[in-house]
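Have a look at the structure below before the remarks.
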Amino acid sequence: MVLLVLTILTRLWRIEHPGQVVFDEVHFGKFAAYYLQRTYFFDVHPPLAKMLFALAGWFVGFDGKFLFDNIGDDYVANNVPYIGLRLFSAAFGIAIVPLAFTIMRDIGLSAPTAFMGGLMLVLDNALVTQSQLILLDTQLLFFGMLSAYCYVQFFKHRSVPLTRVWWTWNLATGASLACVLGVKLVGFITVATVGMAVAFDLWRLLDIRRGLTVREFTRHFAARALGLIFFPIAIYMLFFVAHFQILRYSGPGDDFMSLPFQSTLEGNKITTASTRVPFPSVVTLHARTHDVFLHSHLDRYPLRYDDGRVSSAGQQVSGYPHVDVNNLWSLDEPDPARVPVPHREPTAIEKAAGLRYLMNNDLVRLRHVNTSSYLLTHDVASPLTPTNMEMTTVLEDVANQRYNETVWRVVFDGKDGDNLMIRSKRHSIKFVNLHHNVAIHAHAGTYGDWGFKQTEINGNKAITDTRNAWTIRDIQHPRIVNGIEINEAGDPLEPDDANPKVENISFMQKFLEIHTLMFHHNAALTKPHPYSSEAITWPFVLRGISYWETKVGLKQIYLLGNPFIWWSAISGVLVWIALTLVDLLLLRRGVDELGANMRTWWYRGPGFLVLYWAGHWVPFFLMGRKLFLHHYLPSVMFSIMVTVSVLECAGKLMSPTMRPALLRRMNLAQWKEQPVHSGYYAVLVGLAALYAITFFYFSPLTYGTGFPTVEHIRRHKWLSSWDLQHA
């Protein structure tokens, strides 16, 4: 009860401060607002936590009209019930501590030791900061801890397999895994960690000395597969069923999705703002896969790249994500005297309008309006992809000499494209070079400083690559006014497709499409960030994250772990690893100091927690995206639990009543009853005091209460790598 009260106090104190948008509340508050407005958006994370925030927002009276546009936007002035949303997040943070306490008790730790572990979680500044804000991570931490709790309960009932209580915890573990994955894709790390624990357990059951027949083992395997694989998958997919059902209306996420996907949204631009494309038109071309426009400017490729390859030193062509005059291209018909343009009779629509419209398989030239140069590809390697061709533009005199290299075939990227009249915003098309048979391709990489970090555009030989797809976004033509086509008299033309045929798309197609985009955009989060850090630095608290600051009162919220808690936690894990290695080496030499029972506890108790710690840290070393300190928070929780396990083990081993021979004969029940050294509790009290003092010392950074002078801030900057504001 004391632990719960302390948890509530630390998580709720000054939760209303600041009354402004803080850090990533700018994203997740906005997404909750979109759910309440039922407006479609795209995010790299699964929907569960955001839907729960939306539910909490609805419950406290949030109407979704405030969109959290900027860090520092005022909640109070805009009548946003932000305290309710933050309280909802804090509830998850509060629930973590009793779950952790119960886990520590269940693995055999004494109540004082489990209390110490819980107190370390209570007094960690980073966990407090994260719990008080409208962020996804607290739910991720809660469901991660819940999955560990459920699995421990499931494992405790291994002696009554396939009974009702066994099935209850089996399915509860699966449900918690679905939830942790439903919060963030990184939750798959938790799924994999539990998967490893289950694999070890199945390997134990497979041992012939266990006495299970193959049939019985198969039943065990199938039951775990059902509860821990298929059941979580079903729940996880239900999150997306709800996601798609709620977000019915066209919104800011449309452009990320395929055109068939967009067509299912009410009020989408495909059906409400799509027009035919007359020749000649000035257009913008948008690559959906990278959310960039085809762009060019007067700057040129460097003659020689860093790897020694040479370029044409031609005008740069790139992908640019913002509206700009350099995104404008004139869509011109080629001269039939210069290239064999296939003859086609004007359609009835063209005859009535007195215009020629862009159709599937038409030939075009793309003239960059601002530099009066023509898009061309040639047999020169592109800057970042040597296997692909460089894309550049050339002036008219050169373009006339290399005419075929400036001609592109427009190919509809879909089914039933015969005699299709291409429309803006609706149809996805590819531009295939007539001479080289390569497609205009938006590459994932970005140019160096010489190319202003813009997206690489090149010529791709793999014509079917999805990243070759473009849509015509905007059209400038005398007969198109405000996105509406008019006749020669200036009257709006009746649409020829008031009820356009759209491609049917199933839930599974939507599900797979959104996951492809989530994985792609998550991996693409590689741009430099002022507060990113390397995974190797996290256990040592070498860098934090500035969440919010104001010069008034020198206030700031800086995500920083309690240094002494984090340093103790990594020390405890390293001690566990070292002792385990020593035991393994001694066993190889025929020396058994622990005994079979003690060793079983060492691996199943703290060893399980070490698996969670490592499983939630090591994978980040393999990721190419930008990383931040808050990614280590799941590992911190479990390393704290490992540390107090090692502490209690040391206290018992140093007890005057403990003898090596006794340890080797001791069963688990006797080990739990083994008294600790008389100085053990004094050590716990001393550590608790140290952690509490450190927590309060750094609390101005946790709660944003401010500092009287800049000198006081500097005193809190223990490490030069802590980039505190105003210091």
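Going from the start of the chain as shown, residues are counted 1 onward.
Positions of Cβ are set from backbone N, Cα and C atoms, glycine also.
The annotation domain 'MIR' is assigned in TrEMBL to 355-413. The transmembrane segment annotation in TrEMBL covers 48-68, 80-101, 134-155, 175-200, 221-242, 564-586, 607-624, 636-658, 679-698.
Within its own chain, the transmembrane segment (607-624) is flanked in space by residues 107, 144, 148, 152, 189-190, 192-193, 196-197, 523, 526, 535-536, 538-539, 573, 576-577, 580, 631-632, 634-635, 638-639, 641-642, 645, which lie at least six positions past its ends and keep a Cβ under 8 Å from the stretch. The largest share of C-beta pairs under 8 angstroms with the transmembrane segment (80-101) comes from 48-68, of the ranges 48-68, 175-200, 564-586, 679-698. Counting same-chain residues at least six beyond the ends of the transmembrane segment (679-698), those with a Cβ under 8 angstroms from any Cβ of the stretch are 112-113, 116, 119-120, 123-125, 560, 562-565, 568, 647-648, 651, 654, 716.
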